[in-house]
Amino acid sequence: MAHSYSSSAILTTTIKFCLLFSLLLGLVSAQLSPTFYATSCPNALSTINSAVNSAVSSEKRMGASLLRLHFHDCFVNGCDASVLLDDNSTFTGEKTAGPNNNSLRGFDVVDTIKSQLENICAGVVSCADILAVAARDSVVALGGTNWTVQLGRRDSTTASLSAANSNIPAPTLNLSGLLSAFSNKGFTAKELVALSGSHTIGQARCTVFRARIYNETNIDSSFATSLKSNCPSTGGDNNLAPLDLTSPTSFDNAYFKNLISNKGLLHSDQQLFNGGSTDSQVNAYSSNSASFLTDFANAMVKMGNLSPLTGTSGQIRTNCRKAN
């Protein structure tokens, strides 16, 4: 006898199948989860948070340094803590790449966090996840927005000097180059502007902004003059200036207001407001802090999802500076 199925039963079965299929797809494509360490290392997040708060209270600049470590990690072969690996006989790592050499910092804070985590749950928490959480905690410590960090990244066993040199956007880039560099990683122009807002904290070396303050015209003249005393045309390469002169240790939207006044410190900063396609977004963020903070948080989650190693790929390093 032929079975007869009602159309509603068929529909229900189809919906169930589709839900199951999409759930399986989700597990495959996004194995990261905010509760990844809930049972394996329940105090992981609080341990990282305490260490970051301590480091940032000792030196405000460290918040920007830790945020930048995560960015420079994720843009080079994904968020795999490759940026933390020291050179060895097998490879030259990323620490001496142009954008990183004599510039990246915070490695000692990461080492401290890692040793604390190894003490409470050995071999569990990855260096890549430490960077992702420390970046978020740094932003919060400096008055910025909070977001939920997805967890479960694993650590690479190798690093690439050439990939760091070619993938990290240079401060000399024009808008077209910035748009390309971020588009290559899946980011929209709006997300480029939001992520650039991280320059509301941190400092830059004279060598990186010298050409702008001496040669460029789209810069407020008194702002340029004020910078020249600490950044001579020759010498003083490592002298520092805040990326946001208004509130250098507060994570706010002042960076965008500075750009509108032609007070962007880096060439790449001012490119975001220089008569081009991103001017309107800079204007929007300058007048609406809440939208900037929301978009920044969402873009950070997206950045933290760049090609993570999950499952059995990679490893959990015992020492973030070298593979096991």
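Residue numbering: from 1, along the chain as shown.
Cβ from N, Cα, C; glycine included.
Note: TrEMBL annotation is automatic and uncurated.
The following features are taken from TrEMBL:
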- 31-324: domain 'Plant heme peroxidase family profile' (DOMAIN)
- Cys41-Cys121: disulfide bond (DISULFID)
- Arg68: site 'Transition state stabilizer' (SITE)
- Asp73, Val76, Gly78, Asp80, Ser82, Glu94: Ca(2+) 1 binding site (BINDING)
- Cys74-Cys79: disulfide bond (DISULFID)
- Cys127-Cys320: disulfide bond (DISULFID)
- Pro169: substrate binding site (BINDING)
- His199: heme b binding site (BINDING)
- Thr200, Asp244, Asp252: Ca(2+) 2 binding site (BINDING)
- Cys206-Cys231: disulfide bond (DISULFID)
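Note: the Cα of Gly78 (Ca(2+) 1 binding site) and the Cα of the residue listed as 'heme b binding site' are spaced 21 Å from each other. Taking only the Cα positions, the spacing between Glu94 (Ca(2+) 1 binding site) and Cys79 (disulfide bond) is 13 angstrom.
Within the same chain, the residues at least 6 positions away from Cys206 (disulfide bond) whose Cβ sits under 8 Å from its Cβ are Asn230, Cys231, Pro232, Gly236, Asp237, Asn238, Asn239, Leu240, Ala241, listed in sequence order. Take the Cα of Asp73 (Ca(2+) 1 binding site) and measure to each of the recorded positions Cys79, His199, Asp244: the nearest one is Cys79. Counting only same-chain residues six or more apart in sequence, the Cβ atoms lying under 8 angstroms from the Cβ of Val76 (Ca(2+) 1 binding site) belong to Ser82, Val83, Glu94, Ala159, Ser160, Ala163, Ala164, Asn167, Ile168.
Cα separation, Cys320 (disulfide bond) to Asp80 (Ca(2+) 1 binding site), rounded: 11 Å.
If you take the Cα of Cys41 (disulfide bond) and the Cα of Asp80 (Ca(2+) 1 binding site), they are about 20 angstrom apart, rounded to a whole number. The predicted model assigns the domain 'Plant heme peroxidase family profile' (31-324) a mean pLDDT of 98.
Of all the disulfide-bonded residues listed here (Cys41, Cys74, Cys231), it is Cys41 whose C-beta has the fewest other C-beta atoms within 10 angstroms. Each residue contributes its Cα atom, and for Asp80 (Ca(2+) 1 binding site) and Cys74 (disulfide bond) those atoms are 7 Å apart.
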